[in-house]
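*Asks:* Handing you this structure, nothing more for now.
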Amino acid sequence: MAPDISSAPGASSSTPQAPDEKPSAPPVNILPSLIARIYSIAHPALLLALGATRFEALVANPTKELISTLPWLTLLQIFYVIVCLPPTGSAPSLETSAPAPADVKSSPRSSGPSGAARHGKHGKRKQHANNWACIWSRLLPALLSLSLTFALATPVFTILLVLFGAPLTTHNSETVLCAAHMAVLSATALIYAHGLDRNVWNEVWGIARPADAVWGSALGTCLGAWLGAVPIPLDWDRPWQAFPITILFGAYIGYAVGSLLSRTPLVYGKRVQFTSEGLSETEKKTT
Amino acid sequence: MVVTPSAGATGTSPNPNGPKSGLSAANPRSSDQSSDGQSKRKQAALAEKKSRELENEFKAKHSGVMGVLAWILLLHVAGIYLFTKGFLLTRMVLEDKSTCDVLPFEGILAQPPTALGSKQQKGCWHEKTFDKAVVIIIDALRYDFTVPFASKGESDTVHLFHNNIPVLYETAVENPANAFLLPFIADPPTTTLNRLKGLTTGTLPTFLEAGSNFAGTAIDEDNLVAQLHSAGKNLVHLGDDTWQALFPGYFDTNLTHAYDSFNVWDLHTVDNGVTEHLFPLLRPENSKKWDVIFGHYLGVDHAGHRYGPNHAAMASKLQEMDRVIRDIINALDDNTLLVVMGDHGMDIKGDHGGESDDEVEAALWMYSKRGIFGRTSKDTLLPPQSARDRPVPQIDLVPTLSLLLGMPIPFNNLGSPIEEAFSGTRGNNWANLATVNRLTAAQVKRYQHQYALARGAGDDEESALLWTAAEEEWKSASKGFSSKSTAARASNELFRKYQRHTLDICRGLWAQFDVPSMIQGVVILLTSIVLLVIYARGLKTDRTQLTSRLLQLASVGAGVGAVAGLAFGLTGLTDMSMVDGAVLLSAAGSILGATPALVKKPANLTLPLPTGMWGWLALFFTVSQSIGFASNSYTIWEDEILLFFLTTFGVCAGISSMRQKQTTDRVLGVYHSILFVILGRIASFSRLCREEQMPFCRSTYYASSASSTSAPWQLAIPFLVTLFLPSVVRSFYAGSKSYEGTASLWIGFAFRFGLFVTSLFWILEGADDGEWLPVSKETLKFVRVFLAQFVLALAFAAGTTAYFYAKPCVSINVSKPTEDPNSPPAPIVAGQQQGPRTTVTILGFGNVYGTHFCFLLLNFALAIILMQKPMGQGAIALLLWQILSLLEILDTNSLTMTNSSIGPVILGVLGSFYYFKTGHQATLSSIQWETAFIPLATIQYPWSPIFVILNTFGAQILAAIAVPLTVLWKRPLQTHDRVPASNPNKNPATRILSDVVQAAGTHILYLATINLATTMWAGHLRRHLMLYRIFSPRFMMGSVVLAVVDVVLMIVAVGGVRWSTLSVGEIFGW
């Protein structure tokens, strides 16, 4: 009798949450333009290359290097989201057969006022020469997402790092900067693509988003950082075992792997299952 | 009559079965009221009978599952025993004794008997230097206490333990011929009992003896005390009564005064006693009464245990010792040798037992008014600055003292004579040095020969070569003897080399592991885990139904195995002793017998693999931690890794809670997940660092890292616990409206009062430490002991009795329906149309099992909190909070009724985590022995060990007791008329039992896997450099934890379920 408990109607005290089947936002696709496709592949590689080249400097002086690379990382991410991703409020990608009702439901919630307008113009825009407006329509959400990343996501990651055992009395700048890097990696694209859509964020907190480049890279960042903690206690006496370095590299590698892997047809659109009939084991040990 | 649980009664867990089951559960016998009185009575009698049957069935099955758990415990004990026997080093004890008239050289016969008397006058094997000796042992006198502080770096400042006992260094520097001071390196384990054995027999300790610290046994090997005794010397012992256990009957009963050695809270009784009785003996008029005095001071050791070395009490104690030694020097005559030494050192917070540098580095100082000591080189004129320079092993004392007093060297001695004592005042008496080294080497050789014979093995070739070479040099030296030639020096070197070489061989030899026995142990442990996996995770049926068959077959198997083992042992078919054979074969037999009982019907089996994220997570925690124990780093940093796991679990719980459909589930789940993670992180601030964690760790458990007392601010923690913990527990009860009935009295009053008394206890303790009150120590101690015993009586005597008789935490209100507008419309039961309906509101209905059982948890929590230091009390309070939070997480994620493995496993992780947060580490020295004196003034068996266990494994015990709650918390009430129609014969109470024993099995599985892993790694890495520092202590900890938790789970946790189920059954029917 045990398994059917959760599905049984609740006691009178609990008010069931409005719609049980959420009109979950479909997975986000990379924009169809050639440059977007190419850059979306190149971007993770570029980030990894950035990390690899700055590795020794990072080991030598983590705080300084984390500060100096943060603007570059931010610029790369901004460039990436502008070039490759549809901003929040724009139409869900055309390839996915998103059901019409979902579309209707999500549009009133969309935050960008221009969302509906752009929705219709999507196809034409390439022909129009009004590139400035187009860029602006993407730059604005990008900047907004960036500010939210720093204002909200960075504290959240900082708290998480501390809860997982990052020192509280020392290494504060390292912890915050590491959190900032992780936030820029994971949250910028999420906010850019989804805004503050409550349903999407509920799914994000429940690790229930369908796999796509945005979600895959965010989840990959967290998983990578989680795995990055593994070598820290080992007594190899390597300078790179110092606190934020392995976590940061785990996050970068996780970002790249997640971003690329989630686009493969095998994974794309799938969700992490918590109860039985689950996916692969590693996916389940999330965060 | 209608029963309607109020809206809140089902609490935060929307429980679909609640209202329905409540209807008839509350009064199953009255469901049919339309029939006449007689049939009603008949019905009632029938129901009565049925419920008695069900109750008896439950009781029988309950005893059965306890039997199964006992069987698992026995399997674990058998496996651990077999492994331990092979793993902990053993050494054959030879009974041979050295005698005065037989020199250790081969082919030299006994001297003519006439010479014997004069020999005893002049010295047996070597001319004696002193007639008498005063041997003072200052327990735990670390070498750096005795030398002037020398800063090693900027951060290295002078501590309170520095420069407080300068007499040893001063005399050695000012009069090198009268005194010398050397680092004195103990062979681990650094417990006093083992050290005394080493210091008197001159041989190496084996690890097995480490456990016998609580009850020492007489030494039957040849030793210095026995030699002195048989030479007719009159021996006096003062101080630590361990000597009495080791050397019963050797000391002059009139002059000897022994004192209890384990009362580490008492710094002065032993020391004052020694001093009081020592000085009269030193007076000239008494000098004929004794030959050798052994005085054993314990104050320094106790100050270390109680306060840590960096404390004013340590400084004053060392100053006192300084005065004592100066006084002895003044009272000494010319023919008496004075030896002062530490038997071991102490670690940074004053404890010992392990093999860290601070623990093994003691000091040795010898003094004589005659001035016979010398230094063979100018470099060695000053005592070494640190214990790393020119250390001597402690066993070197034995030949040195023997030869100085003209005694034969004890037969099994492996030590070497200390150079300073034999080299003459000018440091060039090479002939004498060569002579004593030859004597010692010859005795070592004789012992080695004897030992090799006993083992049935040949002599070592290299040592034979060394011996021959040394003898050659010796002969050439004795030819040109007068010149004190280089040949004497060379032969001295060679003999010395021979001795040290043999010592190395012996160290290697006695690190011989009995690998077959270790493998047997591991196999028993492994197969018991396999059976447990099937029992706990791979059965679809009710576990209680298997019990009788399982136990029958297992005991038959065990019986057959035991008989076979004994028979093999008797007939001598195997090398194993009878006991080992019986243990091995009975364990194997019971495993073989039980297997068919478990796997009889394949249909009942499922693949014991996890089916969802939670199961995989539980498996992942268990397995990854087990693998991690192969690495010394992960073993050292276990506390941090456990925090990482717990946070991971909390985050996963938060994620899972976000997926819940019910808003209440989601909100509560997320709230408790966040709470769970934050509480764990707060607890992680309580740390006691082990040596290997330095410098990346800062201890916060005590006032400072070099202390073992609490800081004054930490004394506020017990009061905070008193203030908040009952309210926290109350909030968890109130969530399901269960703060009713006995709960308010229990939690709000008794529990809080107990905690308050505990706080008072620790305030008095602090007052005693800091001497804040103008009250005598005896009064304080008396009051403290009374308070502690009161709390224990409240927790165990009153608490357990109350637990047996307490009603469930419900309050039943009978009211007219109109008077209760809040209650939802009552469902109508067939046959109940008549009259104005009565509504019975049951508050606390949603959590009847859990809230009752939780009392047991609170009882033990109170006792365990009492046994912890203030910081540990905060940690245990956080543990209790985290456990309750975990239960809510399990409930909101529907994990209580699905027999998920995550709950019991996380409890296991919590137990391990808080083990570290209550000021412990996986090292011997972190055991807080002094907690045995919290509720007692003296050592009393079996209580003292139990109190130490409550302190040491309090966290694991509490977590184990909470295991049944993972299936009982907010479990809907089930009675026999409410079970699904598909299985009408089932007794719902046995279903509870089956779930409980499954959870208990899963919890054991976690700990058994950890134990198996640490066991296997310790066995596999037995040649690892870090074996005794890291792997071996962790193995011992894992084994003891497993055994303790097995017992607690069986007796307290699963045992306690009996009364909570009976109590619910009494009110709500069966």
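Heads up, the Cβ atoms here are built off N, Cα and C, so glycines get one too.
The following feature annotations were taken from TrEMBL:
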type	residues	note
COMPBIAS	B:27-37	compositional bias 'Polar residues'
REGION	B:1-48	region 'Disordered'
TRANSMEM	B:64-83	transmembrane segment
TRANSMEM	B:518-538	transmembrane segment
TRANSMEM	B:582-599	transmembrane segment
TRANSMEM	B:611-629	transmembrane segment
TRANSMEM	B:641-658	transmembrane segment
TRANSMEM	B:670-688	transmembrane segment
TRANSMEM	B:713-733	transmembrane segment
TRANSMEM	B:745-764	transmembrane segment
TRANSMEM	B:784-806	transmembrane segment
TRANSMEM	B:842-865	transmembrane segment
TRANSMEM	B:946-969	transmembrane segment
TRANSMEM	B:1035-1057	transmembrane segment
*Asks:* Which of B:611-629, B:641-658, B:842-865, B:1035-1057 shares the most C-beta pairs under 8 angstroms with the transmembrane segment (B:64-83)?
*Replies:* B:1035-1057
*Asks:* Residues of the same chain, at least six outside the transmembrane segment (B:713-733), with any C-beta under 8 angstroms of its C-beta?
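*Replies:* Counting only partners 6 or more residues beyond its ends, the transmembrane segment (B:713-733) has Cβ contacts under 8 Å with 703, 739, 743, 747-748, 751-752, 755-756, 758-759, 762-763, 766, 809, 844, 847, 851, 854, 858, 865, 869-871, 873-874, 877, 880-881, 884, 887-888.
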*Asks:* Considering only Cβ pairs within less than 8 angstroms, which of the stretches B:518-538, B:611-629, B:670-688, B:745-764, B:946-969 has the most against the transmembrane segment (B:641-658)?
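*Replies:* Ranking B:518-538, B:611-629, B:670-688, B:745-764, B:946-969 by Cβ pairs under 8 Å to the transmembrane segment (B:641-658) puts B:670-688 first.
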*Asks:* For the transmembrane segment (B:518-538), find every same-chain residue at least 6 residues outside the stretch whose CB is under 8 Å from a CB in it, and list them.
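*Replies:* Here the qualifying positions are 68, 72, 75-76, 78-87, 546, 584, 587-588, 591, 594-595, 598-599, 605-608, 901, 998, 1001-1002, 1004-1005, 1008-1009, 1011-1012, 1015-1016, 1019.
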*Asks:* Please report, as numbers and ranges, the same-chain residues at least 6 past the borders of the transmembrane segment (B:670-688) whose CB is under 8 Å from any CB of it.
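*Replies:* Counting only partners 6 or more residues beyond its ends, the transmembrane segment (B:670-688) has Cβ contacts under 8 Å with 349, 639-640, 643, 646-647, 649-651, 653-654, 657-658, 697-702, 871-872, 874-875, 878-879, 881-882, 885-886, 888-889, 892, 913-914, 916-921, 926.
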